[in-house]
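Q: Structure in C-alpha cells, see below.
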Ligand SMILES: Nc1ncnc2c1ncn2[C@@H]1O[C@H](COP(=O)(O)OP(=O)(O)OP(=O)(O)O)[C@@H](O)[C@H]1O
C-alpha cells in the first residue's frame, strides 16, 4: 500500500462489479462463479494530439449512423463479418488496433448526399476507385447482391476503448461488445474486401500541425471559435442549472482544441443522419465550427422553449393543485363544523345554526344584531373573526338541551351514595338533606355545596354521585391556577384574543344546560375571584371542592355550604379498599378475583408501608400496580388459553397450529367489551394469583414508611414530634433545634408563615426568661446564654405551614435542646401557647389525631380545650391512643419527657 505511484499497463483485464465500487485503498473479498467473459479496456487519452493513420484500414460500416471524432460509442457485433473484423483487427492486435468507421445508407433511402463511393462488384478481390461524388454500390454479400447500399466516401478512424467477448454459444458463435472512440477523419481512396469484411485505402483528412497553426491565426477562425465557445458555455450553464452537472464539460471546454470540441458537441446531440454526414464532411475547421455553433445554438433554443413550456405547465398544475388542496381543507373545516353543504354560504349556515340553537329572546336579539354587523364586514377586516367565533359559540351553547331531571327518589339516591362510598355517614346525610330540599322546592336557588378535604377522600366521586342521583350529566371544571377572573367568567368580547370562560367551555362540552358542575379546587384560584356563577347559570347545579377552606375568599365562602371530609383511618381505608377499590381496579384491568386476590393482610401492609396519606389516592394507585403486574402474568401463562366458544370458532386453526409447533403462543386479541366479566371468562385460570409480601416488594418496591421513623428522628435532644395541619390533611412533623455561637438570635427555616415565626419567638423568650427554673447542669446552661444563636427547622413537606398550632411543640423542642434530654418518640403534640405559658386550643384536631395514628404514634398531647373534638375521632383510632390534656405548658413538658419534666418546679404564672 505504501508504494506511492502504481505503473499501469495500457491494457487491463476487467472484472465487472455490479452495483458496487472498489475504491483505491479498499480491500474486498469476492467469490467468482460466473463463466468468465474476457474484457479488456484501454484508458482513453483525450490529449493525444495527432494520430498516425496507416494507409489501409479495416472498415466497419455504420448503417445510417456516423461516428464523429471525439465521440464514444458502444456497439454489439453479431454478424459474422463484423465479428471477424473485431477479432482480427482489434482483439488479436491488442493496442495497435485501429479501424475505420464508414457510414452507409440504405439504397432505398432518398438520394445520397455529399461524397459517396460506390463499390460495384461482389468479387472478393475487386476494388473500385472513388469517382468523386457518390456512387451506388452493391453490397458484397452475394446473397444480398441486389441490395444496393451507398457508401459514404469519408469516415472516421476509431480505436477500441473497451472490448468484451461474449461467452461462446454452443453453435460456436461469439459476439463482441466494443466501445469505440472516434479519432480522426479520413477519405476512402479505394474500397475492397478481405475475407468477410472490407478494407480501404485511405488518406487522412486531418490538418497537420503547421496547417492547424495557420488556421488558428485566421481572424475568421478566431471569431468563429469565440462565438462557438460562448454559445457552448451558455448551453452548459443552462444544463448545469437543470441537471446539476456540467462541471466536466466545462473542463473540456478549456482543455480541448476548439475544432475537436465542435465534433464532440455535435456528436452529443440527437441530429439527423444527414446533419451527421454534413458534420463529417466538414473537413475545414471553420466550416466545422460554424456548423457546430449553429447546432449548439439550436439545442440551446430548444431547451429554452421546452423549459418555458414546462414552466407554464407546472404553473398551471401547481395552481390547480393548490386550489384542490384548499378545497379539501375547506371541506374538512366545514365537516368539523358539522356543515357539509359545500355550496352554502358560511354565514347562511351560521344563521341557520343560530335559529335552531333555541336562544332566549334577549340573547337572540343581541346575536342577530351582531350577525347583521358581521354580514357587512369583509372577512379580512379586524374583528370579523372574533365576532364570528362569538356567534358560533352562542349557536353552539345548549340553550334548550337539558337532561330530563328524573323524579328524585331519595331512597335510591341514598342507596347510590352508600354503594359508591364507604363510611362518610355525616357527609352522605348532609347530601341527602340537600337533595331533599331540591326535591321539595326545585326552583330554589340552593347553596353551592363545597366539599373540603385532603386529596383522595372522595370529593369528586361524591359530586358525581349527586349528578347520577339527579339523573344529570356531570362536568368537572378545574379552577386550579386560575389567576384572572376572566378565565372563569370569560373575557369581554371586544378584547383581542378573548375566550369564553371555563364555565361556558364546560357547558359547551357537556352540551346540556343543566349539568352538575364541579368547580374543582376553588381554593387554588387567585383571591380576587369572587363572582357568583350560580346567579348567572340558574339551571346548573354547582358543587365545589377545595383542599383547604382558608384560602377561599370570604365572599365566595359565604355563598357556599362547606362540608368537610376528614381523612380516613387505616381501618376505614382497609374497608374502602376491600369493598370499592379492589373490585374497581380489577375491573379496570380486565381481571376478576378468579385471577387475583389481595388478602386483607396485604392491603394493611400496603396502607402501612406504602402510603401515609389522608385519602386513598395512593392506595388505589398501589393496588392498580398490583393488578397490572397480575394482568401481565395472566397474559403470559402459557397453558391457560382455552378461549370461549365464540372466539374459538374464529381462531381455532390458528391457535392449534401455534400450539402444536412452537412454544410461543400468539394470542388472539379479544375485543374488550364493557362487561369485563365476559372477558375474564374467556380465560380460565387454574388457580388465582394471591398477593403475598414477596410480590408486594417486587411490584411496589421496598417499603417506603415504617413505624421506626419517629424513634429514629428523636434519638437526640432538640427534636420533637409535632402535629400540624396542611392541605394534605393532618401531618406529623419533626421539629428540630440546635444552638451555636452567635448573638442570641433566632433563625428559622422551613416553609413557614408569619404566625409560626411569632410563635417561635414567643417560645424562645419564654424559655430564656425561665432559665433559672430549668434543672440544668452548668455545661448545658451555656446554650441559653445571650451569645448563643438558636436555629429551629420545620423539615419535610413542600407545603407552607402556618397557623398558630405549634407553640407547645416549639417550647418542648427548645427545652429538650437546652436540657439535652430526649423527648419520648411515641408522643406527638399540638397546641398554641400564650407568652405566659397558657395552652390554647387549635383546629384540625381530628385530622391531626388521624395523622398521628398513621405514623404509629401512641400518645398525643392536646390542649385541654380541644377535648370536645375527640367526639369526631373514630373509636377505633382512640382505642389505640393515649390522649393527654394540657392546660399549661408545664403540663406538656411533664408528659413529653421520659421520667417527667426536666423542670425543677412549676414556675409561677
Ligand atoms: N369513602 C369512599 N368509598 C369508596 N371509594 C372512595 C371513598 N373515598 C374515596 N374513594 C375513591 O378514592 C378515589 C379518589 O377519590 P376522589 O377522586 O373523589 O378524591 P378527591 O377528594 O376528589 O381528590 P382530589 O382533591 O385530589 O380531587 C376515587 O376512586 C374514589 O372513588
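Just so it is clear, glycine is given a Cβ too, placed from its N, Cα and C backbone atoms.
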Q: For the annotation region 'Disordered' in TrEMBL, which listed range does it cover: 28-55, 56-83, 84-111, 112-139?
A: 112-139
Q: Determine, for the ATP site, the additional residues of the same chain whose CB lies within 8 Å of the mean position of the CB atoms of 453, 454, 455, 456, 457, 458, 459, 460; present them in sequence order.
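A: In sequence order, the nearby non-listed residues are 451, 545, 565, 614, 615, 617.
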Q: Here the binding-site residues are 454, 455; which one has the lowest number of other Cβ atoms no more than 10 Å from its Cβ?
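A: Counting other Cβ atoms within 10 Å of each of the binding-site residues 454, 455, the minimum falls on 455.
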Q: Any of the recorded positions 454, 455, 848 with a C-beta atom under 6 A from ligand 1? Give them in order, or none.
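A: The ones that qualify, in sequence order, are 455.
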Q: Please report the number of other Cβ atoms within 10 Å of the Cβ of residue 848 (active site).
A: 29
Q: Cα of residue 459 (ATP binding site) to Cα of residue 848 (active site): how many Å, rounded?
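A: With the alpha carbons as reference points, the distance is 20 Å.
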Q: Summarise the model confidence on the domain 'Lon N-terminal' (57-300) as a single mean pLDDT, whole number.
A: 77
Q: Within 10 Å of the Cβ of residue 456 (ATP binding site), how many other Cβ atoms can be counted across all chains shown?
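A: Total other Cβ atoms inside 10 Å, all chains included: 22.
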Q: Far apart in sequence but close in space: which same-chain residues, 6 or more away, have a Cβ under 8 Å from residue 460 (ATP binding site)?
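A: Looking at Cβ-Cβ distances below 8 Å from residue 460 (ATP binding site), excluding near sequence neighbours, one finds 476, 518, 520, 545.
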Q: Around residue 459 (ATP binding site), how many other C-beta atoms are within 10 angstroms of its C-beta?
A: 25
Q: Any idea what the Cα distance is from residue 458 (ATP binding site) over to residue 848 (active site), rounded to a whole Å?
A: 19
